[in-house]
Protein chains: 2
Amino acid sequence: MKPLRIGLAGLGTVGVGVIRLLRENAETITARAGRPIEVVAVTARSKSKDRGVDLSATRWHDDAVSVAQDPEIDVVVELIGGSEGPARDMVETALTRGLPVVTANKALVALHGSALTRLSAENNAPLLFEAAVAGGIPAIKLVREGLAADRLHSVGGILNGTCNYILTEMRTTGRDFGDVLTEAQAKGYAEAEPSTDVDGWDTAHKLAILAGIAFQPIAFDTLPVHGIRDVTAADLTFANELGYRIKLLGMARASKDSGIEAWVRPCLVPAKAAIAAVEGVFNAVTTQGPFSGPITISGRGAGEGPTASAVVADLIDLARGADLPVWGVRNTPAPVACTSLGELKSAFYIRLDVEDRSGVMADLTSVLRDHDVSVHFVSQHDAAAGRAYLALVTHQAPEKAISAAITALSALPVVKGAPLVLKIEDSLQ
Amino acid sequence: MKPLRIGLAGLGTVGVGVIRLLRENAETITARAGRPIEVVAVTARSKSKDRGVDLSATRWHDDAVSVAQDPEIDVVVELIGGSEGPARDMVETALTRGLPVVTANKALVALHGSALTRLSAENNAPLLFEAAVAGGIPAIKLVREGLAADRLHSVGGILNGTCNYILTEMRTTGRDFGDVLTEAQAKGYAEAEPSTDVDGWDTAHKLAILAGIAFQPIAFDTLPVHGIRDVTAADLTFANELGYRIKLLGMARASKDSGIEAWVRPCLVPAKAAIAAVEGVFNAVTTQGPFSGPITISGRGAGEGPTASAVVADLIDLARGADLPVWGVRNTPAPVACTSLGELKSAFYIRLDVEDRSGVMADLTSVLRDHDVSVHFVSQHDAAAGRAYLALVTHQAPEKAISAAITALSALPVVKGAPLVLKIEDSLQ
C-alpha cells in the first residue's frame with residue numbers, strides 16, 4: 001500500500017525520536033495505520049551533525065517552508081518550536097496547501113490557534129497536536145474524543161514536568177527553589193533560561209489548548225499566569241503539615257455565567273487527591289464531568305520517547321483517515337476572555353514573614369477580619385532570629401477580598417518581605 | 001444535517017443513561033458529532049415500565065433482533081448484556097446487515113470477539129465497545145489510538161469496582177470478605193449473585209479485550225483467573241505492614257518468546273504505585289511501553305453516567321466517520337493461548353495458618369528451601385488460641401516452584417486450612 005509520506009522539520013531530541021520510533025516499530029505501525037508511514041523529507045539547523053539516525057535516503061531541505069512546499073509529501077510534522085518564525089511559516093504554508101499538519105508546538109497553537117483553525121478549515125487540512133500537551137499522555141484525545149459526550153465542568157492538571165520536579169525535590173529534600181533549579185539545569189531537566197517553565201508560561205500554553213477543546217478557545221492574553229519562584233521549602237513543609245501538597249496547576253472551569261474561569265498558579269491540593277501523588281517529572285491531566293465523573297491520567301510529560309509516541313499516534317490517526325476539526329467542533333467560536341478572578345471564592349493559604357513578638361498574630365488576623373476574610377487555621381513557626389512565619393488557611397472568600405487584605409498586611413511594619421498567597425484547590429479528587 | 005439514527009436494546013440504568021445524556025447534551029453532541037444523534041427505536045423486557053424518560057416518540061420493538069432489522073436506523077446500540085441469547089443475536093444481525101454496532105457487553109466481546117470481528121470485516125461494519133472496559137474511562141481509545149505508535153510491554157489494572165470496593169472496605173474497616181460483600185450487596189455495589197465480580201470473571205472479560213487491542217486476541221479459556229474470596233482482613237493488614245496494598249489485577253504482558261502472559265488475580269502492589277491509590281469503586285488502567293513510558297488512567301468504572309458517556313463517545317466517533325478495525329489492525333490474527341504461568345518468575349506473598357509452637361517457622365521455611373524458594377521476609381502474628389499466622393515474602397521464584405512448595409506445606413500436620421499465595425506485582429509505577 002502507498003506509504004504516508006512525511007516532511008519533518010526539527011531534528012532535536014523529539015525529531016530524532018520520531019524517526020527512530022517509525023523505524024523501530026515499522027511493522028506494527030504499518031499494521032495499525034493500514035499503510036507504511038515514512039519520513040521522506042527533513043530540515044534542521046545543521047545538515048552535517050551526526051544524530052545517530054541514518055538520513056542518507058531522506059531528502060534534505062534548507063528551510064522549513066521548503067519542506068512544506070515539497071510536492072512529494074502528504075503530511076508536515078513541525079518540531080522546530082517557537083510561536084513565530086520558521087515554525088509558524090511552515091505550518092501556515094502546509095495548511096494553505098491543504099496538507100495535514102502534526103506539531104508538538106504548544107506556543108504556536110496557544111497563541112495562533114484561531115488563525116490556524118481558519119486555515120485548517122478553509123483548506124480542509126487537519127491540524128493535530130497531541131504532543132503539545134503532556135507529552136506521551138494522550139490528553140487531547142481523551143478530552144476531544146474519549147469525553148466528547150460530556151460537557152465537562154473542569155479540565156487541567158500538572159502540565160509542566162520541570163516545575164513538578166522542582167517542587168517534588170524541594171519537598172523531599174527541604175532545599176530552596178534556587179538550589180534545586182540549579183541542579184535541575186545541570187541534570188537537563190530545566191533550561192538555561194528557565195522562565196518559560198518556572199514562570200508558568202509552558203503550563204499556560206498547554207492549559208489554553210485543553211480549555212479550547214473542552215470548552216472553547218480562550219484569549220491567551222487574558223489568562224492569569226503565576227509561576228513557582230515565590231514558593232519556599234518552608235511553604236512545602238507547612239502545606240504538608242496541613243495535609244496538602246503544593247503543585248503548579250493549570251485549571252479551566254466552565255463557570256455558571258457560561259464564561260470560562262482559567263488560571264495557572266501554584267496551589268495546595270489535598271494529599272489524598274490522585275493528582276497529589278504525581279511526583280517528579282510526571283504530568284497529570286484531570287477532568288470532571290457530570291456524566292463521566294472524575295478522571296485522572298498521568299505519565300511522562302516530556303522526553304524523546306513519550307513525545308515521539310504522541311506525534312506518531314497523530315500520524316497513525318491521519319493514516320487511518322481521521323479528519324476532526326481543530327477544536328473538535330466545526331464553526332469554532334472566537335476566543336473568549338477568561339473571567340476575572342476577583343469574584344471567585346476559594347480558600348487560600350497565606351504565609352507571612354513577621355516580627356516575632358507578642359500580639360502579632362492578633363494584629364494580623366484582625367486585618368484579615370476587617371477585609372471579611374475569616375481564618376480557619378493559623379500556625380506559627382520559627383524563622384530567622386527575631387522573626388517568625390505565620391501559615392494561615394482562610395475560609396472561602398472572594399479573591400479580591402484576599403488581595404485587598406494582603407495589600408493591607410504588606411503595609412504593616414511587622415510584616416517583612418512579600419506575603420505568599422496560594423489558592424487551596426480542594427475540589428480535586 | 002441528517003441525524004444519526006440509533007436503535008437501542010436494553011433500558012436498564014445504562015440504556016436510560018444513554019437516552020438522558022443524548023437529550024441533555026444534544027446541542028454540544030450535535031456540534032461535536034457534526035450531526036444530531038437520536039434514539040429512534042428501542043426494545044426492553046417491559047414496554048410499560050416507567051423509566052423516567054419519555055419514549056412516546058420512539059419506535060418500540062418486541063425484541064432485539066427486530067431492532068437490528070429496523071430499516072430506519074443507522075447504528076445499533078446493544079445494552080442487554082450476556083454473551084449469548086438476544087444480545088449476541090442482535091449484534092450478529094446488525095453486523096451482517098452492515099450496520100455499525102456499539103456495545104457495553106464485555107462478555108460478548110471477550111468470548112465471541114473473533115467471530116464478531118469476521119462479521120465486522122466482511123460487512124465493513126464497525127464494532128465499538130469503549131463502555132465494555134472500565135466504564136467512563138476511555139481505556140480502549142487510549143490503547144488503540146492514543147498509544148498506537150508504541151509496542152506496549154504491558155496493559156492491565158483494576159478493572160472491577162465491586163472487588164476494589166470490597167478490598168478497600170476490608171482494609172480500612174478490618175472486616176472480613178463475607179461481611180463486606182453482604183453490605184456491598186445491600187448498597188447495590190454488588191450483585192445478589194456475586195460470582196461474576198468476586199471470582200474475577202468480569203475482570204477477565206475486560207482484560208481479554210485490553211490484551212486483544214494492545215497485543216492480539218487471546219483464547220479466553222486459557223486465561224488464568226482467580227478472584228478475591230480467599231483474601232482475609234488479616235492479609236490486608238499484613239500487606240499494609242509490608243508496604244503493599246492488595247488489589248485484584250488483570251494484567252497482560254508481551255513475553256520474550258512473543259507469547260502473551262496474562263492473568264487475573266489478587267496481587268500485592270507497592271503502596272507508592274499510582275494504582276495503589278485507586279480506592280473504592282474506582283477503576284484504573286495502566287500501560288507500560290518502551291516509548292510512551294508508564295501511563296495510568298483512573299476514574300469511575302461503572303454506573304449510569306460514566307457508562308453512558310463511553311457509549312455516546314463511541315456514537316460521536318461513528319458520526320465523525322470513525323472506521324477502525326475491531327482490534328485496531330486489519331487481518332486480526334487468530335486468538336493465541338496465554339503462556340503457562342509455571343515458568344514465570346515473581347516474588348510471592350504466602351500466608352499460612354499454623355500451630356503456634358516452637359520450631360514451626362524453621363520447619364516451614366525448610367520446606368520452601370527444599371523447593372528452591374528463598375524467603376526474603378517472614379513475620380509471625382497471633383491468630384486463634386494455639387494458632388498463629390505466618391506472613392512470608394519470597395524472593396523471585398518460578399511459579400511452579402511456589403506451587404510445589406505450597407502443596408508440600410499444605411500436607412504438613414502443623415499447617416491448618418489452605419495457605420494463601422498472592423503474586424507481588426513490584427513493577428507497577
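Placed from the backbone N, Cα and C atoms, the Cβ positions cover glycine too.
Annotations in TrEMBL come from automatic prediction, not curation.
Taken from TrEMBL, the feature NADPH binding site covers B:LYS106. Sequence-distant neighbours of B:LYS106 (NADPH binding site) (same chain, 6+ residues apart, CB-CB distance under 8 A): B:PHE129, B:ALA132, B:VAL133, B:ASP202, B:HIS205, B:LYS206, B:ILE209.
A coil conformation is recorded for B:GLU191 (L-homoserine binding site) in the three-state DSSP classification, outside any helix or strand. The local packing around B:GLU191 (L-homoserine binding site), expressed as other Cβ atoms within 10 Å of its Cβ over all shown chains, amounts to 14. Annotation source TrEMBL lists L-homoserine binding site at B:GLU191.
Under the three-state DSSP scheme, B:LYS206 (active site, proton donor) falls in the helix class. In the shown protein chains, 29 other C-beta atoms lie within 10 A of the C-beta of B:LYS206 (active site, proton donor). Positions annotated as active site, proton donor by TrEMBL: B:LYS206.
Per-residue pLDDT, averaged across the domain 'ACT' (B:349-423), gives 93. Positions annotated as domain 'ACT' by TrEMBL: B:349-423.
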